[in-house]
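Asker: The structure that follows is given in the form of structure tokens.
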Amino acid sequence: MTEKDISISLRLSRGYARPITIIGGFFFIFGFLTWVNGTLIPYLRIACELEEWQAYLVAFAFYISYTIMAIPSGKLLQRTGMINGMRIGLVVMAFGCALFIPAALMRLYPIFLTGLFIVGAGMTLLQTAVNPYITLLGPPDRAAQRISLMGICNKFAGVIAPIVLSSIILSNADSLMAELQTLSPSQKSLRLDDLAYEVVLPYCGLTVILLIIAYALKYAHLPELQVESSSDITAEKSVTHQQTLNFPLGFMAIFCTVGVEVIAGDTISNYGLYHHLSLDVAKGLTSYTLAAMMFGYVLGSVFIPKFISQESAFLYSNILAIMLAFLVIFLPGTLSLVCLALLGFANALLWPAIWPQALRGLKGKTLSRASAILIMGIAGGAILPLIYGWIAHHSNNQVAYLVIIPCYVFNIYYWLYGKR
């Protein structure tokens, strides 16, 4: 095979270690800014005096940006290249974090949501670049292992993010709630203003860090992912009917997978309150879900593909998740919470296995479009938590977890389709 026959090539003169380490840093950023939402939901529910379903607009604003910005991100990457696209994404994320400052000073929920949307938009651009990048950075049969390593970085950030942020913005949460009950309306408003100001310092720090990384990336010398236009037409003609169907099916698999991940991580704090845990305890429950997920990623990086194929791990994970979901719904109190946290373990190996199947055999511009379509599926994290919130409002928080079971069933169908 000559260079002219290869439509996607990676210039890896320095080996895999350096680019994988840098991309791992990006996944840490993804994880931190994604899973702080689990703390922001109860925090903004208090600070902005929201109903529970309104608080889940935090997840909606963040994840819906993936659907809106995925296609524009793909087109932008074709113009800028992967590396410059990553830098632009970091700057956009920094701007979104900076919006938290006026949002906090005015205590306006719509500005918080706008900031979250912009952070999500920047992350969409970044993820549209790095997901196919890490998938193609090495042997195809080890793609899930590489993505699992990225998941460890992502979920490690997810473990520490709620702990760090909640210690800053929701310290002594139970005493705060008791204090608010005793204040007059004017005093309560002033106390909530003070609470809102707590978010300014951490998000100022995040803004500065993102801008520094965007600047430093210019000198990181990451190998560029090249899409050679000379063979785009040939590549597109070689796409089979099954590969074409992988686009919408891969989209739905990611839609379902991200939706259940977000429900397991972002609703567990409110679910703890539903079971009468104190806010000081409930505010950190997201970390348990993410710790379980990180453990799953560690196992995946060790056992895939040496002892189990990524396809088999995907199937068994979905079966385990269905069993845990039923236990969440039918077990009482603390046991139900434990099973919800353990869903993080079952969810860990879903995302890594979807990408290799969905991108199998794709080249050229078809690869770029497929990546953008798959990224759009992250909108599941916007829509499914709202459905959960609606069911919880009309029934109760425990019954609402029924919404995740059809998602795992669809993933099993996606696995069966990939076996054809």
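Cβ coordinates come from backbone N, Cα and C, glycine included.
Automated prediction, rather than curation, is the source of TrEMBL annotations.
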Asker: With TrEMBL as the source, identify the stretch among 20-41, 218-239 annotated transmembrane segment.
Answerer: 20-41
Asker: Where, among 85-105, 111-135, 398-417, do we find the most CB pairs under 8 A to the transmembrane segment (245-265)?
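Answerer: By Cβ pairs under 8 Å, 398-417 leads among 85-105, 111-135, 398-417.
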Asker: Sort out for me which stretch, of 53-73, 85-105, 195-217, 335-355, 367-392, has the most Cβ pairs below 8 angstroms to the transmembrane segment (111-135).
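Answerer: Per the Cβ under 8 Å count, 85-105.
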Asker: So are the transmembrane segment (367-392) and the transmembrane segment (53-73) touching or not, going by 3+ C-beta pairs under 8 A with a sequence gap of 6 or more?
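Answerer: As far as Cβ distances go (cut-off 8 Å, pairs 6 or more apart), the transmembrane segment (367-392) and the transmembrane segment (53-73) touch.
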